[in-house]
Amino acid sequence: MGEALYEKSLLVLRKLLQDGDLTVSEVVQSYLTRVRTVETRVGSFIELAEEEALLQGAKTLDERRSRGEGDISHHPLYGLPVGMKDNIAVRGMRMTNASRMLEHYRSPYDATVTTRLREAEGIIMGKLNMDEFAMGSSTETSALQTTRNPWHTDYVPGGSSGGSAAAVAAGEVAFAFGTDSGGSIRQPAAYTGVVGFKPTYGRISRFGVAAFASSFDTVGFLTRDALDAAFILDIFSGFDEKDTTSLPHEPTNVYHTLKDRDPDTFLKGLRIAVPHEFMGEVISPEVKARIEEAFHVLEQAGAHIEYVHFPHMAYAEPAYYILTSAEASSNMSRFDGVRYGYRAKDVEDIETMFKKTRSEGLGWEVKRRILLGTFSLSAGHYEAFYQKAQKVRTLIHEDFARLFADYDVVLGPTTPTAAFKFGERLSDPLKMYESDLLTVIANLAGLPAISVPAGFTSAGLPVGLQIMGPMLGEEEVLGVAHAYQTLTEHHLARPTL
Amino acid sequence: MSHVTESAEKTYETVVGLEVHVELATKTKLFCRCSTTFGDEPNANTCPICLAHPGTLPQLNEEAVAYAIKAALALGCEISERTKFDRKSYFYPDLPKAYQLSQYDQPLGQNGKIEIEVDGVKKTVRIERVHLEEDAGKLLHTVGGTLVDLNRGGVPLIEIVSAPDLRSGKEARAYLEKLKAILSYTGVSDVRMEEGSLRCDANVSVRPVGETRFGTKTEIKNMNTFSGVEKAIEYEAARQVEVLKQGGWVRQETRRFDDARRVTIAMRSKERAQDYRYFPDPDLVPFTVSRAWVEEIKSSIPELPDERRARYMAQYGLSAYDAGVLTLERTLADFYESAVQAGGDPKAIANWLMVEVLGHLNKENKAITETPMRPEHLSELVKLIEEGVISGKIGKSVLPEMLESGEAPRTIIERKGLIQIQDTSALEPIIAKVIENNPQSVADYRAGKDRALGFLVGQVMKETKGKANPQRVNELLLKALRS
Amino acid sequence: MQVTRDTVKEIADYAMLTLNEQELEHMVRDMQEIVSFVEKLNEVPTDGVEPMIHPVKLMIVMHDDTVQRTEDLDAVLGQAPDRSGSYFQVPQVLGES
């Protein structure tokens, strides 16, 4: 096959480990070598776990196995290297959120996903770069470092889970956790040619995940293919008593359904809706072409594609920015320099301490959203801005409900264009927000959605196909993604670094 | 019953509404599992959740919700079926998230009422709302800076807001006493004033009698004694009347009460108005309080002070006043009830409890729960007196020891040899001796001077070191003198 | 609506943020652009529409009233920039000392 270890999908790697064809030490060593080789160019990691500790941990697992102890089938991620977005708490590791405010903060506890990851015996490789507090679409708002697109290092990896996407694309981890509040998993996945999956809101516990916008934030994954995503979802989904906003459901069981399913039978008669609004003028011709090719593949396999209207599409972004900024303004207020994190020097009184700490510790984009959010919640603006946006959210929810009464999934591009160059959009907030144009609606409605690789632009930049499903419709979303991937090879392409 | 202040031209009345914060008696905080124990090392009872570390989420304490519902029901409120928590935003070092989780437009309870009685006049005070919220931490201001202890941060509180139905400091005090009684009866709070578990803000305004609109109000913040609230309101109302009489106007402001100087003082007013930016907490799901749950809680509410007071009057023949005093605190009422059940005259027990026991405890600044004396012991003491085993005087003399040591009265009087001499054969020789030693008094008595009898009784008592039953001595003396 | 310097200054004050002259000017411009953009929502008739707090149907689960001690409390409290004993220490609260 000639494929390097770090290029293999999670499930392939897992099989090799399970069958004893590979040791954990070999896997970890291979990934460490890969990280050493490419990290200076990619810059995904805010913190890489200590090499010695990683190797020692791997050795312990191998020794246990060779003694015949411990049934690894109980540990579904046994020995697999995983990356964590830096807004997820891993006890003892940094949790900077790519902010000066938390530059030296180490989490004193584990997020629920981290606990489950440890139980599954995944290997935590480190913490990955992101936009500051997940506010941004290019990972350029990180106050700590620059992450580059592995396909072309002049281009951004997207954001906010840019470090997670780049790490998976560059083969630095077998998969990575991300969070998606308006496209923060799917958009960087599209830009870096990997799979980015955001489940239904509440499907995975948010406990231990720094909040950006609580009613939008969704934990998900960046993987090599859709089947990997299904496998991981089954491990991490399910109710968590520490998160009252987690769905009161059992863990999913998507992987086994998908694994043995014949893609053609599944796609035959599948009803697919494509909103006109997703394919309009704002979509670059090259992206549009790739997406139409994808439609063609699905139609060839027997799916029915129909163009429909999504009435409130134009209002999704304004509603999204008001609501997420309002929640963010409140979620960010705990960073006051009292109990942890950065505190400004030489301040005489408490109010000056608060102001100086926050002004020095938080970046421009974060401040801008805090101000927009504070404005939307303040007396005299609450009804016209915050509450109005909440009502529009209801209308968008209803648009989707109508659509899913007649269709199984909704398709379109993940982003209007492929990745852009550093600095190209940073100074223009609205231009930057445009990259989330097609992704925020899934978060407004809480729906599951995925971005899968759908080819490249002429400049060699990846393009993502987005699949959205109904509430709790992870099986439909992952099912279509998996079927598409059995018919295409875009997801097998790897960047040359 | 309006409290009116006379002035040259106009008569003013005081209008008061109270906002009372009461800490609930749960073992853990409202949104995390930290202990609510009072007096521990600073920050010993904290965790990443109540310290607002990044990534943490609130987890709602079921017992706190149940207690809040119970309190609201005991205050006659309707319970909202749909309710939620809202964020109230402001920066302060005692508030880790920089927002307090409270309930804004869907409080747990609404439209309740409390009956109060002042100077024999009954009055209904409406309660607008009862809602659940979290407490803030404590700040300690030192020369070098401010110290922050977040052990109280996140402790569940209920806020009880009255309508502006109170008309004097005295009424406010009666309201607070009744409120405290109801809350301690239901067991939702220990209502320990000295630990600050009940705090009160008063909205005070004055208006000419007959005026239906409200005057401009001031808010007096953070009072934690009932007498302080009464005095503060009286002072503040008088101050406002004085301002108006001088032709000035009352400024809407926040004031605090200086207990030592007995005046209210305007607090440093912020240059800008506060804007709390309330909005529904997206980290906590709005929730439904099921009818079944409300019914279950309702059935667990014990007999409340008003009902118990009425029962004590009917069942034990107590006066309204005595029944009122005995039922103000549940612990006292329970003590009384247990004592009565152990036997003895209910009225006598009430008297002993109110006068002697409370008198002694008040001097020591103790509550009924802080003495080892058992209710059965009080009952025994009253019975010993009724049966003539000891005199009332002896009873009073052994009570302090009962309260200190928790010993049964019989044990004490036996040890000290205080049992009354009732035995005729033991008393007769002593009486004979007294008659023999006091011929003058005997002669006086026989001459018709009744006072002489008292002297002779006294002599017998002296001889017996007070242990003789005075009534018995009286009888035997008369018999001896007549013979 | 017009976003003025005063509005931004007031909002910044609520949010405990300070902006220097240059930042203030920049922020007024950005905010104006964003506010004009989001005001597009005014076109949508929303009479009688319920505001949405969460996009999915959730059910609250409450915790029971048993105490849980914090594991390694020192690691939690030790994150503070300044402490005095086991207190957190902050600069003076004006008007309170």
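Cβ atoms here come from the backbone N, Cα and C positions, even for glycine.
Features as listed in TrEMBL:
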- A:K85: active site, charge relay system (ACT_SITE)
- A:S160: active site, charge relay system (ACT_SITE)
- A:S184: active site, acyl-ester intermediate (ACT_SITE)
- A:26-478: domain 'Amidase' (DOMAIN)
Determine the mean pLDDT over the domain 'Amidase' (A:26-478), rounding to the nearest whole number.
96
Roughly how many angstrom lie between the C-alpha atoms of A:S184 (active site, acyl-ester intermediate) and A:S160 (active site, charge relay system)?
5
For A:K85 (active site, charge relay system) and A:S160 (active site, charge relay system), determine the Cα separation and express it in whole Å.
9
Going by DSSP, is A:K85 (active site, charge relay system) part of a helix, a strand, or coil?
strand
Among the active-site residues A:K85, A:S184, whose Cβ has the fewest other Cβ atoms within 10 Å?
A:K85
In the chain carrying A:S160 (active site, charge relay system), residues 6 or more apart in sequence that have Cβ under 8 angstroms from it:
A:M130, A:D131, A:A134, A:M135, A:G136, A:S137, A:T139, A:T141, A:T179, A:S181, A:S184, A:P188
